[in-house]
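K.L.:
Provided herewith is a single structure, encoded as C-alpha cells, for subsequent inquiry.
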Amino acid sequence: MTKKVMILPGDGIGPEIVEQALAVLEVASEKYNLGLSFEQGLIGGSSIDAHGEPLTDEALKAAGECDAVLLGAVGGPQWDTLEREIRPEKGLLKIRSGLGLYANLRPAILYPQLADASSLKPDVVAGLDILIVRELTGGIYFGEPRGIKTLENGERQGFNTYVYRESEIERIARSAFEAAQKRNGKLCSVDKANVLEVTVLWREVLDRLAPEYPDVELSHMYVDNAAMQLVRAPKQFDVMVTGNMFGDILSDAAAMLTGSIGMLPSASLNESGFGLYEPCHGSAPDIAGQGIANPLATILSAAMMLRYSLGMSEAADAIEAAVSNVLELGLRTADIHTDGYQKVSTAEMGAAVVAAL
Ligand code: NAI
Ligand code: MG
C-alpha cells in the first residue's frame, strides 16, 4: 500500500530545504519499505506567479486527496505589495482552513548538542522540551468583520474581530489534553481572561473538560505573564494551549529559546489525523538562494509526518536519531554555528542526515 505525500516547496529557502527533506524521506522509504510516493504542487508566491493566486482550488483538492502534506515556506518581498487577498500568506490560511487543520503542534526542544546556541543561560534551558498547541483556524486571524474603514471625520480605522465558538475551543482543548496525557500530564492554558471575554469563555471550556482528563494537571496563565515566564523559567511548562494569535507569538518566542528557529518542526492536524507538516520558520528571503539555510526543521517535520499522519514511527525515530547524530558529529549550518564546530551548507547537512540514516 503506498502513501502519497503532497510536496509544496513554496518560496525563498522553501525549495532548498524541502529538497533535502525529500531526499531523507526517499531513503527512509527505501530502507523501511514505506512505499511513499510524492506529488509536487505550488503554494505562495510561486503559485501567484504561475496562476495569479497563492493556492488554486485544484492544488487544495490535490493536497486533500494525499495522505499528508509537507510544506516549505511561503512569502517574500517581491509579493509584499500585492493586496492582502492574493498575498502568499493567504495560501497558507487557505490550506489550513480548507483542510480543517485546527491543531498546530509546535514542539520546542533544545538538543543537548546545541545548549550553547540558546540566548538564555544553559541552566535555564538545558533539557528544554515543551509543546505549544496553537489553535490555527479561528480567532482574530479569521474573525469577521475585518477591514479598514474611513470614519465620518475622514480618519481611517482598522478593525479585526476576535471570536471563538465553544466547539472550536473544545476541540483544540481536547487535542491539548490528549497531548499532555502522552507527555508529562501538565497543561497550561494561556489566555487574557482579565480583559477579553472570548478568553473568559476559553477558560470556562477548559475547566469544564478538565475532569475528563484526571491525569492532566490544568493551570491557567495570562498571556503577558506567559511570555515573561517562557523567558524566565521555560522548563516549568510541558504542554501549553492557546488561541491563534497568542500561539503565533508565544511559539516563536519558545522557538528562540532553543537557539534557532531553523531546528523546529510543526504539525497542523485535523480531526481525522490528516496533517500538514512544515518548519516553524518562514521563507527567509535574506538568505534564500545562498545554500546556507538549515534544513533540519523541515527534515524533523517530515519525521513528525511519518509519526502523526502515516503511522510510521519507526522511520520517524530513525530520522530523529540521524539528526541527533549529525549534531553529535559537530556539523552546523550557519544559524546554529559556534566556534569549534564544522560549518556546512544546506545540501551538506541534508546529505549528512541521509548518510546517518
Ligand atoms: P523567517 O522565519 O523567514 O526569518 C527570520 C530569520 O530567521 C531570518 O533572519 C532568517 O534568515 C532566519 N531563518 C529562518 N529560517 C531559517 C533556516 N531554516 N535556516 C537559517 N536561518 C533561518 O521570518 P521573516 O523574516 O519574518 O519572514 C520572511 C518571509 O517569510 C515573509 O514573507 C513572511 O511572511 C514569511 N513567513 C512565512 C511563514 C510560513 O510559510 N509558514 C511563517 C513566517 C513567515
Ligand atoms: Mg509566526
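Placed from the backbone N, Cα and C atoms, the Cβ positions cover glycine too.
Reproduced below are the annotations present in TrEMBL:
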| type | residues | note |
| --- | --- | --- |
| BINDING | 76-89, 282-294 | NAD(+) binding site |
| BINDING | Arg96, Arg106, Arg134, Asp224 | substrate binding site |
| BINDING | Asp224, Asp248, Asp252 | Mg(2+) binding site |
| DOMAIN | 4-353 | domain 'Isopropylmalate dehydrogenase-like' |
| SITE | Tyr141 | site 'Important for catalysis' |
| SITE | Lys192 | site 'Important for catalysis' |
K.L.:
Return the residues near Arg96 (substrate binding site), defined as same-chain residues 6+ apart in sequence whose C-beta is under 8 angstroms from its C-beta, sorted by sequence, else 'none'.
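P.N.:
Within the chain, Arg96 (substrate binding site) has Cβ neighbours under 8 Å at Leu136, Thr137, Ser268, Leu276.
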K.L.:
Which state, by DSSP, holds Arg134 (substrate binding site): helix, strand or coil?
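P.N.:
Reduced to three states, the DSSP call for Arg134 (substrate binding site) is strand.
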K.L.:
Quick check for the class: what is the C-alpha distance, in angstrom and rounded, between Asp252 (Mg(2+) binding site) and Tyr141 (site 'Important for catalysis')?
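P.N.:
Spelling it out, the Cα of Asp252 (Mg(2+) binding site) and the Cα of Tyr141 (site 'Important for catalysis') are 17 Å apart.
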K.L.:
Name the secondary structure element type, per DSSP in three states, that contains Arg106 (substrate binding site).
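P.N.:
Arg106 (substrate binding site) sits in a strand per DSSP.
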K.L.:
Where the distance is taken from Cα to Cα, which of the recorded positions Gly76, Pro88, Tyr141, Ile292 turns out closest to Arg106 (substrate binding site)?
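P.N.:
Nearest listed residue in space: Tyr141.
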K.L.:
Do you know offhand how many angstrom separate Lys192 (site 'Important for catalysis') and Asp224 (substrate binding site) by C-alpha?
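P.N.:
Each residue's Cα considered, Lys192 (site 'Important for catalysis') and Asp224 (substrate binding site) end up 8 Å apart.
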K.L.:
Spatially, and counting Cα to Cα, which of the recorded positions is closest to Pro88 (NAD(+) binding site)? Options: Arg134, Tyr141, Asp224, Asp248.
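P.N.:
For Pro88 (NAD(+) binding site), the spatially nearest of the recorded positions is Tyr141.
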K.L.:
Relative to the Cα of Ile292 (NAD(+) binding site), which of the recorded positions Arg134, Tyr141, Asp224, Asp248 has the closest Cα?
P.N.:
Asp248
K.L.:
Under 8 Å between C-beta atoms and at least six apart in sequence, can you list the same-chain neighbours of Arg84 (NAD(+) binding site), or say none if there are none?
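P.N.:
For Arg84 (NAD(+) binding site), the qualifying residues are Lys90.
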K.L.:
If you measure from the C-alpha of Asp248 (Mg(2+) binding site), which of the binding-site residues Gly76, Asp80, Asp224, Ala288 fall inside 10 Å?
P.N.:
none
